[in-house]
Amino acid sequence: MNRKTIVAANWKMNGDLSLVNAMTAALNAINIRTEQQVVICPPAPYLGALTQANQNPGVAIGGQNLSEHQSGAYTGEVSALMLKDLSVQYVIVGHSERRSMYAESSELVASKTKAALDQGLTPIVCIGESEQEREQGDTEKVLSEQLNPVLATLNSNELSGVVFAYEPVWAIGTGKTASAEMAQQTHRFIREHIAATDTQAADNVAILYGGSVNAGNYQELFAQPDIDGGLIGGASLKVEEFKKICLAE
Ligand code: PEP
């Protein structure tokens, strides 16, 4: 199976219109290899501007969150259809910050994943263990519990269209990265766990690594057989550094 390498930027609640302009100017000027897909996920208010400014066919735009509902009295929420309306193609679901700060359960993450797929968006479903969970030897149990509602909700076709992001919580924004070997081992476990439900989908799905990825460490991580790219926070706000990662330089 030839899976594309996905380089996804999660700006979180950072950036402004001048970053939108600087990032698109830089990325519009580069050639992204066909085996690579770049995705920029800005805060929702900048989705329209970013979509309009982006002229690189190798760059897609993504949301950072969506509602599990289609429409209605849900003040402050954004639906899959609204993202679709703005030509958004991807959406991050279940980032650890949403799981911990906004109490998003794995069941809710599964519903949001389905809502995204129903509108033809590609969900980037985040999973990952805390430092304490890893130290207690619970990593695989935690990842299985996060994956199972998604696996139970989707049919085989839908599952094949999901991108997963393994983001150990202890590596997000901390400067601590999982070693390439440790990340590969965990990605292998995730793929095998998906294969226990659906072998074909397990082969198709991209599994990104996230957690302090930067221009200095991405190559070793992305070279691992079960790591299909990265979800990048801090380094995705730095135009030159992010451009380097997109170019695979
Ligand atoms: C993230 O926000 O998904 C992330 C991985 O952040 P950072 O790269 O800053 O660790």
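Positions of Cβ are set from backbone N, Cα and C atoms, glycine also.
Remember, predicted model here, so these are calculated numbers, not experimental data.
For the recorded site, Lys12 (substrate binding site), the DSSP three-state label reads coil. As annotated by TrEMBL, substrate binding site applies to Asn10, Trp11, Lys12, Gly173, Ser212, Gly233, Gly234.
According to DSSP, His95 (active site, electrophile) sits in a coil region rather than a helix or strand. Non-local neighbourhood of His95 (active site, electrophile): Asn10, Gln64, Asn65, Cys126, Glu167, each in the same chain, at least six residues away, with C-beta under 8 Å from its C-beta. TrEMBL lists His95 with the feature active site, electrophile.
Annotation comment: TrEMBL describes Glu167 as active site, proton acceptor.
Residues Asn10, Trp11, Lys12, Gly173, Ser212, Gly233, Gly234 make up the record's substrate site, and a Cβ search at 8 Å around their centroid adds Asn14, Ile172, Ile232, Ala235, Ser236, Leu237 from the same chain.
Contact annotation for binding-site residues (Asn10, Trp11, Gly173, Ser212) versus ligand 1: Asn10, Gly173, Ser212, each with CB under 6 Å from a ligand atom.
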